[in-house]
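Record features, source TrEMBL:
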| type | residues | note |
| --- | --- | --- |
| DOMAIN | 6-208 | domain 'Phosphoribosyltransferase' |
| BINDING | R79, R104, D131, P132, M133, L134, A135, T136, G137, G138, S139, D200 | 5-phospho-alpha-D-ribose 1-diphosphate binding site |
| BINDING | I194, G199, D200, A201 | uracil binding site |
Amino acid sequence: MGKVYVFDHPLIQHKTAMIRDKDTSVKDFRDLVKEISMLMAYEVTRNLPLMDVEIETPICKTVMKMLQGEDIAIVPILRAGLGMVDGMLALVPNAKVGHIGLYRDPETHLPVEYYCKLPSDIENRQVIVVDPMLATGGSASAAINFIKEKGAKKVSFMCLIAAPEGIEVLQKDHPEVDIYIAAKDSHLNDHAYIVPGLGDAGDRLYGTK
Ligand code: PRP
Ligand code: URA
């Protein structure tokens, strides 16, 4: 069974509180999403495998640990997931980036796919799917279905704000997937928006609406 990690780091809590404020500007929102994603990437990569490497310092030869170079793919769910990519790439600059385009039908709240382009060697990569919001869980679950259909074997999911309903759906549909969350919220409202949440993440990132 995959694990659910809710981050308690003060910097992540502080910045996540700031993005909820309806008066936070588009620029600040975008900068904060990037910063939170970078801080979370530090934890999400905690279990990357290391190997012994011989290094010669100015003093002597020594054996130290370095990354085995396990290949990572970051897969944002468009549009809002894009806002999390640069923060992650700041820590794992060699990661490849795939894209999945999904939007929620406003009536049914069900995800509709409009784009999917993944690295060709996705089956050999540790895939981290990113999206700021896990609401009903429909988008994340559908995105992970597509990625698995393309051959991915190791998938985790990282979001900023999650509703309990979405966590439950993701755990039921993809029990092996680890879920990384900056903040777990109370519930969904009648429009399937997260409460207290931050509103529509895509609109707040790109100034639409
Ligand atoms: C938002 C968000 C997630 C999805 C979450 O995207 O970025 O992808 O909703 O909701 P769910 O868990 O109920 O599926 P939206 O559909 O608004 O598209 P956008 O990113 O293009 O704004
Ligand atoms: N999508 C969002 O952007 N926000 C929500 O609260 C739910 C889905």
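A Cβ is built for glycine as well, from the same backbone N, Cα and C atoms used for every other residue.
Annotated features, which come from TrEMBL, shown on the structure.
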{"residue": "R79", "record": "5-phospho-alpha-D-ribose 1-diphosphate binding site", "contacts (Cβ under 8 Å, 6+ apart)": "G101, G202, L205, Y206"}
{"residue": "D131", "record": "5-phospho-alpha-D-ribose 1-diphosphate binding site", "contacts (Cβ under 8 Å, 6+ apart)": "P76, I77, A80, G81, M84, S139, A140, A143, F157, C159, A201"}
{"residue": "M133", "record": "5-phospho-alpha-D-ribose 1-diphosphate binding site", "contacts (Cβ under 8 Å, 6+ apart)": "A80, C159, L160, I161, A162, I194, G197, L198, A201"}
{"residue": "A135", "record": "5-phospho-alpha-D-ribose 1-diphosphate binding site", "contacts (Cβ under 8 Å, 6+ apart)": "R104, A163, E165, G166, L188, A192, Y193, I194"}
{"residue": "G137", "record": "5-phospho-alpha-D-ribose 1-diphosphate binding site", "contacts (Cβ under 8 Å, 6+ apart)": "E165, G166, I167, E168, V169, L170, D173"}
{"residue": "G199", "record": "uracil binding site", "contacts (Cβ under 8 Å, 6+ apart)": "K22, Y193"}
{"residue": "D200", "record": "uracil binding site", "contacts (Cβ under 8 Å, 6+ apart)": "Y193, K209"}
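Taking R79, D131, G137, D200 as the candidate binding-site residues, the subset whose CB lies under 6 angstroms from any atom of ligand 2 consists of D200.
Cβ neighbour count for I194 (uracil binding site) (all protein chains, 10 Å cutoff from its Cβ): 25.
The number of other Cβ atoms within 10 Å of the Cβ belonging to A201 (uracil binding site), over all protein chains shown, comes to 25.
Just so you know, the Cβ of S139 (5-phospho-alpha-D-ribose 1-diphosphate binding site) picks up 26 other Cβ atoms within 10 Å once every protein chain is counted.
For the 5-phospho-alpha-D-ribose 1-diphosphate site, whose annotated binding residues are R79, R104, D131, P132, M133, L134, A135, T136, G137, G138, S139, D200, the maximal Cα to Cα separation is 17 Å.
When secondary structure is read from DSSP and collapsed to three states, S139 (5-phospho-alpha-D-ribose 1-diphosphate binding site) falls in the helix class. Taking R79, M133, I194, A201 as the candidate binding-site residues, the subset whose CB lies under 6 angstroms from any atom of ligand 1 consists of R79, M133, A201. Under the DSSP three-state reduction, I194 (uracil binding site) is assigned to strand.
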